[in-house]
Amino acid sequence: MAAVDDLQFEEFGDATTSLAANPDATTISIEDPGETPKHQPGPPRGSGREEDDELLGNDDSDKTELLAGQKKSSPFWTFEYYQTFFDVDTYQVFDRIKGSLLPIPGKNFVRLYIRSNPDLYGPFWICATLVFAIAISGNLSNFLIHLGEKTYHYVPEFRKVSIAATIIYAYAWLVPLALWGFLVWRNSKVMNIVSYSFLEIVCVYGYSLFIYIPTAILWIIPQKAVRWILVTIALGISGSVLAMTFWPAVREDNRRIALATVVTIVLLHMLLSVGCLAYFFDAPEMDHLPATTAAPNQTVAAAKSH
């Protein structure tokens, strides 16, 4: 048993000095918590592959799918199942609206705004607001065109609300459904094609329609040239969002099929905007005048004949 005098504290010098005196000694280094560890630089990635991952959304897709798989999903007949589709805060909705109004060239709208948490809250209310904006603006436009005419009596056309709702919601749901089915089919043919979920496609289409809400309000201006300029601007902004989002999803496919897909997406979008402008705002303005002016003449002629 060691004596008490043998148990003494000794001060050790620097580790470098100790190793110089005794090369076989073992040293333990305790780093300061405030110091940041130095990492060795990893091998550089190819710029082309990095750009492809950024456009296609492959960089974080595996992580997103893994996290999504860890979430407990409720049965589809429960309220909690549909509640997850509306689980989004105001900041996310405004950020996605801003992204649809200011598309960034070379950036994927799904990867930047949607993939982390796709929702139906924004698309649903955007479509509902657009329906009432088109219907109300169409009625006001018709009223302003004929304002001051003695033979004109304003009658609200409530049927425009139901017609606008049918057109907008059918476009916002049926077109994404067809596009999703097409992408799934092509994904089975070409393995390199990136896949979007149906909810992500609906989300993209819903937010891309936001630009038409202020456009429909400005369509009240009774000038056809101004209306067509507005619809061209809105179509360019929203169409570019759709084109830049779905082009990376089909560009690895056959060249003709890829171009035909993007052109079809843009043409359907153009058909919606031009069709709404032509039906709700550019209807013939003087169709009611012959009927209203002919009636008194016919009455006078009938009285004279008797």
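Backbone N, Cα and C atoms are what each Cβ position is placed from, and that goes for glycine too.
Annotated in TrEMBL:
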- 15-29: compositional bias 'Polar residues' (COMPBIAS)
- 50-59: compositional bias 'Acidic residues' (COMPBIAS)
- 101-274: domain 'Yip1' (DOMAIN)
- 14-62: region 'Disordered' (REGION)
- 120-141: transmembrane segment (TRANSMEM)
- 161-185: transmembrane segment (TRANSMEM)
- 197-222: transmembrane segment (TRANSMEM)
- 228-250: transmembrane segment (TRANSMEM)
- 257-281: transmembrane segment (TRANSMEM)
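The stretch from 120-141, 161-185, 197-222, 257-281 that makes the most Cβ contacts under 8 Å with the transmembrane segment (228-250) is 257-281. Taking Cβ pairs closer than 8 Å, the transmembrane segment (161-185) reaches residues 123, 127, 130-132, 134-135, 138, 193, 195-198, 201-202, 204-206, 209, 246, 249-250, 261, 265, 268, 272, 275-276, 279-280 in its own chain, all 6 or more past its ends. The average pLDDT the prediction assigns to the domain 'Yip1' (101-274) is 90.
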